[in-house]
């Protein structure tokens, strides 16, 4: 009698067994008989194709196609047809506001780039016109910007000293600008827009913050009226130069003038932020400051009392600079390198600015097309005495606030600047350098994004390290070192996180067939006699395979030691490979070693859910034959079922 | 009446709903309320601790501990107690066999390292003795090896030309050997054994193959009896030098002598492989060749007819070289760099040899302890006129075949070599250089592992690229370029595979609640109105986030286009994040953009199984709040349930 119910239950169990076993072997068969994955080169080609070629579009009749192509290249053909007088009124207003901010900023940035002031104005004439016919952003304001000006002067000064040989320096600046444009065009044509992504957001936040401080420190020269200054940009050199200069000759009047106008500009900005309708007040303040201070200096003859003034200022239309480009000299390689760096930084800034305003107005900006437009404008700029132009953060915001409708505001601005160049440059002879410094200084707070840095810190501490690395690199090294640190730390972070030998012990969530990390999910239960581990690396390769093997073997030893008291000796190790996207020959070798060492301890190895690449390579390496196809499962649940059955049989045999 | 059953079924459905909904929300709650993961530095420290510190061992009483420490440092104290006379008999035989192979090889490798022949013999005296008391491998045969000899001469020759200044060259070799030993000891003490793993198996196969061919080409100098030869190692330079030399003066007699003895050695090896009992035949053949050829030259006075002979051969005990080490010169940095490379290559070879024989005999070899032993033996070697020694592939195999029991065979070999140095060096005056070349040539096939290369090709095509890169780098560049190519390609491969923007469309396996790639598992079914995609990258970061976002959006567009005919417009995108181990701020930003763009198209976003780091960062960035906690699920099944319900409701509302 006592045997009967036991027998019955056994039969039921066996029936149930047969049923689940069928499902299990069916699932394992699906896994083992999956078709071969595409070959690596096939994958490579298809991803290159996807990157380089645009999405296929519905076909158009032939005559239309060339027109459509022209429309794609020159978006002005598209929106120009619908342009209305009412829109022009808004664009005119925005353009004039923009020009009033752009003129003093351009002169200041030219000073930062160690060029004569008219080159800043030239750069605000031609590039905006080119962008207006080729670009697709409606709000972006094109012209010289602070960070690129700093980059140019900091990197070219290392090769040619502008105070010794200003002509060669200028020629090199144009050559670099040409390279910048050429690289940008190439990036756009070959759809390499993703290169811009390789500077992570965190790196840009840190880099911009550091660059802003460095630019601010450079303004000490103008503010203190110093004649000699270091050409280095790091904090230590600059402070050393300032302290040295203060012991010699400096003119406090410059500082008084500069600081009072800086305070004036900041107050107008504060008012503008409080009352959005007065947006024109901060936009006009710099031009007003320039005019007022120039008048003061002119009337009081303060330049004879130590106030440094602009002096050299050649008016007139952009002269050609075709013959100034220099592709044969000893510095052409260096110029190309600097051009590449400037191209990336300029694009990063322009695309970030363009996209953020495009998403406010709800239209899409094609990064690759933008690159072509930027590239053309810089190539043509380099032939017409312009240095590298890009989209400016601060002026784009002003353009947007002033209610611009299209890039016509850029055309208006360009014409206004041109008029200024033609008729008013003589008047700017007495403009004090301290005012230019205060205008640059007033634009810097927008580059330091403490809020973003705080968010990065909150979300990802390692990303914050990237940000901090770029910041400190720019501050204490140079702009290149800052960029290099950012790129190396960013990629190092990816490298470390992908080869980090990470495994987790997994348990069953109660009432389900789900298996999760027992630390993350404290409700998950371990199963006695079975150890379930999951490899948490995307790749099992030479750099982490032997580590992961050691880790798993160590956890097996630990498990055996703690379980000995409860008599639940380990029978099966279930290895969940769900997360392992790829494996190499060293990884396969480590799996073979693991299997050998487990078998030596009398423990079976069950492999769960090897991914497509992994199962294919395991089959190629005959690893599947070695451990037996019946020890490969699609789910942890299936593996645990078999393992439990083995354990019961083992106990029965004892 | 017609409403009744519908009502009934609705209630049942709702009941069922309530039931599954409870489970679902319970599971989602587990996910959302999981404890915080350990901070990044905590992870970092614990992984450093695990790497650097040995596993804790059961505590021992104090007096024993120092003895145990000595035993750990000098394993001879452990096994020495149980050493028996019968074992010595075997070791003596193995040691003598080893010595007969070691003496000619050492002289040949010294020649390859561009040192006088006695330095090769010195290197076979002291390092094996040191290793015998400190090492734990029982089979490894210590002494000079081909690849390290090549590395030394190729890299140091670039700094100092040995034919111009042999004394400084020799001093630099000793200094490099000292650095090699110092680095190896440091690696062992700080448990940095994993550094050896950074040369992947594929890279080593390629590097060794290339090095073997380069070494073989270097032997053309000896075989052809050339006096002048290039100091470069690449194929092009060597062939150029050979062709140039053949047009001048060369001595065919050298080639005849060398080739006939090479054929003799290869025949003995063939016999030895056919009949395992005759293992001593190939081991003795080199020494026999040396003796016979020396006799022939001595008796026939062939050295007067163009046969090049060894000539310089200083006998006697290892002299001290303490005063020859040079830590102050201009080349000390270069020496340290070469020392580091030699340390890594020597360790890679020694540990690979040691481990493979240890696993045959079934004992475990601690990599870190081995490194300390190797380091000490090289440091002491550098003070006693030895150059870098390590474990030799070919001689270890002979030692094993000869039946060695312990490292005592190394001691026997060392003493035999010492006796040879003391009494027989005069006899080696007439040894022809061509014989040394043929001995080196005969050892090379063991370094070219075509079988391994074929296996690598079969399992992993990209790994084969690493192998090929290292091979061609060594062959056409230099040993350093080969290594550099191997390391860069290996890590580049990891980088590319971890940032590759890979996604897959997932479908339900029939009869289960499992969701798998619809291409890998053709049985899997898609669900109309719901698109399920899985991110197949281990990390969602700045380098791939915007790509993955674009890809997902593109697949949404594709899905909408193909489904339009069947009227199943997309309602929900289910995004399975199981494989995403980590996310950074750019990744979070891309998720936010994705969500925004999906919502704009009227598609809901359901996030499935974000891992520990990911859900924590999503919470920190308030992304969970944004999409709503009820759109985060633990399983795809849960997400699909909710999505289907939404779709039905949506249709009902229509």
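Even glycines carry a Cβ here, placed using N, Cα and C.
Model, not experiment: these values are computed from the prediction.
As annotated by TrEMBL, transmembrane segment applies to B:140-160 (among others).
Per TrEMBL, the feature transmembrane segment maps to B:172-192 (among others). Nonlocal intrachain contacts for the transmembrane segment (B:172-192), taken as residues 6+ away from its ends with a CB within less than 8 angstroms of a stretch CB, comprise 51-54, 113, 115, 152, 156, 159-160, 321, 324-327, 331-332, 335-336, 338-340, 342-343, 346-347, 368-383, 385-388.
What TrEMBL lists as transmembrane segment is B:198-217 (among others).
Annotation source TrEMBL lists transmembrane segment at B:253-271 (among others).
Sequence annotations record features per position, and here TrEMBL assigns transmembrane segment to B:278-299 (among others). Listed by sequence, the residues of this chain that lie at least six past the ends of the transmembrane segment (B:278-299) yet keep a Cβ under 8 A from its Cβ atoms are 97-98, 100-101, 103-105, 107, 257, 261, 264-265, 268-269, 271-272, 307, 309, 398, 401-402, 427-428, 430-432, 434-435, 438-439, 442.
Nonlocal intrachain contacts for the transmembrane segment (B:372-394), taken as residues 6+ away from its ends with a CB within less than 8 angstroms of a stretch CB, comprise 73, 101, 105, 110, 113, 115, 119, 122-128, 130-131, 134-137, 140-145, 148-149, 152, 173-178, 180-189, 318-322, 324-325, 342-343, 346-347, 349-350, 353-354, 443, 446-447. Per TrEMBL, the feature transmembrane segment maps to B:372-394 (among others).
The transmembrane segment feature in TrEMBL is assigned to B:406-424 (among others). Beyond the transmembrane segment (B:406-424), the same-chain residues lying 6 or more positions past its ends with a Cβ under 8 Å from any Cβ of the stretch are 76, 79, 83, 87-88, 91-92, 94-96, 98-99, 102-103, 106, 118, 121-122, 124-126, 128-129, 131-132, 135, 137-138, 140-142, 315-317, 399.
Sequence-distant neighbours of the transmembrane segment (B:429-448) (same chain, 6+ residues past either end, Cβ-Cβ under 8 Å): 104-105, 107-109, 111-112, 146-147, 208-209, 211-213, 215-216, 219-223, 225, 254-255, 257-259, 261-262, 265-266, 269, 286, 289-290, 293-294, 297-298, 302-303, 307-311, 313, 393-394, 397. TrEMBL lists B:429-448 (among others) with the feature transmembrane segment.
Positions annotated as transmembrane segment by TrEMBL: B:468-491 (among others).
What TrEMBL lists as domain 'STAS' is B:537-643.
Most Cβ pairs within less than 8 Å of the transmembrane segment (B:468-491), among stretches B:140-160, B:198-217, B:253-271, belong to B:198-217. Using a Cβ-Cβ cut-off under 8 Å and counting only residues 6 or more beyond its ends in the same chain, the transmembrane segment (B:253-271) has close neighbours at 222-225, 278, 281-282, 284-286, 289, 292-293, 296, 302, 305-308, 432-435, 437-439, 441-442.
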